[in-house]
């Protein structure tokens, strides 16, 4: 073998190995070293929005870089806490009438010496003693949640368990205050490894305070500016409004992200180019794009490969049009499903997790993993800088894309009046990677890289597509049937004309015979 | 020797008339297929619930999927209050209810065997085969009459049609009703019975049943008015004419009611798919085309999407945004205007429909029961010669379908003209009947494309092959019996009843 041949051979092997590595190495290679948390709940209690509480708690934990395994108390098996090597166990009571009744779980939890958090009613005496406090039940109370910056009235509660005689080491988050202001109790309490929240809110100051407690409890204390995110961006949205809003935000020096849906098929059409043109405008106006996962229709657990192909196709098509997503956005439940997570979410190192609407699971395992960076989304309208300026958890504050001019003005006002210092992903060393098939998209310090090469976003891109041909429907025997169809059409046409001619001739002969008679 | 053969045939014909022969032959072909376990039929494509739930039938729990791959024979019968609303207004409910009653009487009060439904269809089907054969061959009992009888069985007892009996699809009702309707009019043409009014009544009843059987049949009311218009020439008095007209009013009313009862969701499904499986197909880039018709060009990206996405989709059509910004922006009028502006595309879509015009096999679902040893989704090919022949060799051009319709109308117009002059109603009634059927063959593909695009085309076009088959049989029997041009020259022979 000559020296040149050796060079070729080595180059080929290196390329092959690097391609294999690119495909094989999972995005979340950090999973093994990530802390794990077990979340055990009593019931979903959807009528009291218990399922939403579980959802936002799961997303918060993921955003805190904690792997959360969620189990209904009925599915809890003896020894699970010990076997799972969990850093912490969270008990969530959504339905006080049910509460935690699984004695095996209670026994295992009591024996557990790691981080423990109890959310909701049903705090046991043992848990209270571990918290270094005495529990007390208040009945029929109208209270307000008070923090250093703000106060919010809470709905009337039939019963609420609060802690008294707390240890001096306890750290408290928020105060529960009676209307007359005479009596107040801690909302959230952390006493070394143990913590307690008497209830859990899905938005607003209640959520922000709970998130602060969670970050402290799991020693993940950071301060995060919120990421302004425009939701409901689809090819069918009013793209003029999207571009107008992005221009406005640029003028106001507000960095932002959009959560945009794309299509799998038909990317050769002009309408797709119109859509990607609008997305490029967003990028040029300082916005970043999170590719939103599609909606699940009649798919089943065996459609994982299809989803993988679909996501790859969408990302490649967008990249061809100089739209470079910096992460993947999806409803939170995609991280609780083995098929959806593996074939979509885990392609990216950066996630934006939206609230669940109507989850359609393919293979639910409730065994969430983490990303290098995950944002837990919450509606902007429920938050303002007056309530909380920095968040304990990476948070995306979302607002829907306006559909009319008046709505556009309203959205612009809402964003400005919220008064936040917004997160800017173009700076501060933010880095994200999306790997799909043999394509790698990297976003680092505001620059886009495609397979290692820096890309420039321009208003116009050369279309890689030619004018499409009409859809071919039946290639097999097409020629034969076409010929047969045409032949028989002509044949019948001739026969029909002949028939009419014969009828006319026959009629004449008939009349002639009659006339002779 | 020939004399001996004729004598033998005469002897046989005294015992087995062509009608009875067809009936026995059809029973011989269909009973083993439908009733001997493991049964054959059509598996559920997800539509069965429409006929099941409102009639108190539910799926028994199973560890296997009960959809698409295998035919399910046993279902549960609800014992207590049935909370399910009627999903779809349909005369099919009558048949299902009758099957449930029969099942409760003869088999079980808690478990429903699908074969009871097939049994109800089978009884009516054999009656339809008998009447159709008799109406085509009467009054002859020659060898050629038996050939026609065999052809009736070959065409209508085809496996792809009879497999429907073991299913909750509405198509068997349509097949049997149209056979009765056609046979009733032909029985009048060939004067099979002394009194015509039972046949007129049969035509009206079976047509009303057919129209109300499925929502897509509502527009067919007009075709059946054409098909039955010849009956007005039969009326000897004003009161007879009024009675027949009342029957027609009933048919039109049935069409109107069926149309009105189409619920919003079904309308939305059809409207959406008329765009994604119609307007956006068979064209290069539809973006500009729909934009010119004042529809957001972005919706071109929905090309080939289903209302109920099979796997994943960007945005579900049931999303309130899509309802507001797409479904409210166009309707049937918009679709007609669009196709009027793009006739070439419409022609290509009609050719697409023409490819499925003689397709009666439902390939999407399996025909065998689990445990039959057949793989999932396997198809039965027992006695499917006719459908195979027609699927493969019937031309795939809509223009051909139109010419064929014109040819049949032209042929039967000769005898109609002659009978009009001779003041005989037979040829006129037959002409209107064939014309009515041909309007179905010509217009149903148009209605299907405008109404739902190419989605579920084979099921939407179900009536087309049935109408063609009836016309082919009529034509063949008239040629064999030498009464294509004249209807009134038959020599009266003994009745074959």
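Using N, Cα and C of the backbone, Cβ positions are placed for all residues, glycine too.
Because the structure is a prediction, the values reported are computed rather than measured.
Features reported for this protein in TrEMBL:
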TRANSMEM  B:20-43  transmembrane segment
TRANSMEM  B:114-133  transmembrane segment
TRANSMEM  B:145-166  transmembrane segment
TRANSMEM  B:172-189  transmembrane segment
TRANSMEM  B:196-212  transmembrane segment
TRANSMEM  B:218-235  transmembrane segment
TRANSMEM  B:242-262  transmembrane segment
TRANSMEM  B:398-418  transmembrane segment
TRANSMEM  B:430-451  transmembrane segment
TRANSMEM  B:457-476  transmembrane segment
Subject >> Contacting positions for the transmembrane segment (B:398-418) when only residues 6+ beyond its ends and CB under 8 Å are counted >> reply: 347, 350-351, 353-354, 357, 426-428, 430-432, 434-435, 438-439, 441-442, 445, 468, 471, 475, 484-487
Original post:
Under 8 Å, at least three CB pairs between the transmembrane segment (B:145-166) and the transmembrane segment (B:20-43) (pairs 6 or more apart)?
Top reply: yes
Original post:
Counting Cβ pairs under 8 Å that are 6 or more apart in sequence, does the total for the transmembrane segment (B:172-189) and the transmembrane segment (B:218-235) reach three or more?
Top reply: yes
Original post:
Does the transmembrane segment (B:242-262) reach the transmembrane segment (B:196-212) with at least 3 CB pairs under 8 A, where each pair is 6 or more residues apart?
Top reply: yes
Original post:
What same-chain residues lie close to the transmembrane segment (B:20-43): Cβ under 8 Å, and 6 or more beyond its ends?
Top reply: 67-73, 114-115, 118-119, 122, 125-126, 129-130, 132-133, 146, 149-150, 152-153, 156-157, 159, 162-167, 169, 362, 365-369, 371-372, 377, 380, 382-383
Original post:
In the same chain, who gets a Cβ under 8 Å from the transmembrane segment (B:196-212) while lying at least 6 residues past its ends?
Top reply: 89-91, 173-174, 177-178, 180-181, 184-185, 187-188, 218, 220-221, 224, 228, 231, 234, 243-244, 247, 250-251, 254-255, 257-258
Subject >> Chain residues in Cβ proximity to the transmembrane segment (B:430-451) (below 8 Å; excluding those fewer than six residues from its ends, i.e. six or more beyond) >> reply: 182, 185-186, 189, 216, 219-220, 222-230, 270, 274, 278, 332, 335-336, 339, 346, 349-350, 353-354, 357, 398, 401-402, 404-405, 408-409, 412-413, 415-416, 457, 460-461, 463-464, 467-468, 470-471, 474, 487
